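**Q** One structure is given below, represented as structure tokens, and several questions about it will come after.
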Amino acid sequence: MTKTKIMGILNVTPDSFSDGGKFNNVESAINRVKAMIDEGADIIDVGGVSTRPGHEMVSLEEEMNRVLPVVEAIVGFDVKISVDTFRSEVAEACLKLGVDMINDQWAGLYDHRMFQIVAKYDAEIILMHNGNGNRDEPVVEEMLTSLLAQAHQAKIAGIPSNKIWLDPGIGFAKTRNEEAEVMARLDELVATEYPVLLATSRKRFTKEMMGYDTTPVERDEVTAATTAYGIMKGVRAVRVHNVELNAKLAKGIDFLKENENARHNLS
């Protein structure tokens, strides 16, 4: 049975929109990682720069100081480690420590050395769709063009196709209607040769789904609904805060999909 990968979010920042300040010391980060592994995480995604609206850019030195001690403490755990960074210097420092994956929210567009660094260490990379919100074509067409172009550049740099993931970038450089369009047409991204990761957890899109004001934590059940929808559309991984809820849901949806496929094959 094909298992949907669960990526647990570990923000080692003081100002992330959902859990800023909770895990920005090594001891609390270690405890959170152990808990997420017990809850069913396949991948831990460590981030040292907040992406919340209005966040301040931190220096390279500050990002290194936030991320490296935590990565060093958890890299030996029995779980795949990803680092959420768009800086090749941070990526290389973490890859030297033994991380498996780089999650680049700018898909190599911010730092053109990113692909060669990831290729050098034979690691995986996630390419997330981003931008300034201005586009000359419909959002899904622009997303596909941009991501496939960057994936091609990653392959030229030496990263094999099976180590390149695509993320549609829900919550980044898109209007509410554009996010809804991307979600409705996820299968078009899934139809490419690359595995897709969906990252909606506790974001504005899930707040809009609720139809009334909520705190980030109150959006977990609706996040799980997007997990179920994404799996049915064919995504291969989800990036979430609430690992336990989404891992259980994904296991159930995976079973039902496998059951349906098996019965179709018998008919």
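Glycine residues also receive a Cβ, built from the backbone N, Cα and C atoms like all the rest.
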**Q** Can you pick which of K203, K207 Swiss-Prot lists for the same (7,8-dihydropterin-6-yl)methyl diphosphate site as T51, D84, N103, D167, R239, V240, H241?
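**A** Answer per Swiss-Prot: K203.
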**Q** Among K203, R239, H241, the binding-site residues in question, whose Cβ has the most other Cβ atoms within 10 Å in this structure?
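**A** Per the Cβ count within 10 Å, the most buried is R239.
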**Q** Roughly how many Å separate the Cα of V240 ((7,8-dihydropterin-6-yl)methyl diphosphate binding site) from that of N11 (Mg(2+) binding site), to the nearest whole number?
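**A** Per the Cα atoms, V240 ((7,8-dihydropterin-6-yl)methyl diphosphate binding site) and N11 (Mg(2+) binding site) stand 11 Å apart.
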**Q** Between N11, T51, N103, which of the binding-site residues has the fewest other CB atoms within 10 angstroms in the structure shown?
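**A** Fewest other Cβ atoms within 10 Å, among the binding-site residues N11, T51, N103, is found for T51.
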**Q** Between the Cα atoms of N11 (Mg(2+) binding site) and H241 ((7,8-dihydropterin-6-yl)methyl diphosphate binding site), what distance do you get, rounded to the nearest Å?
**A** 10
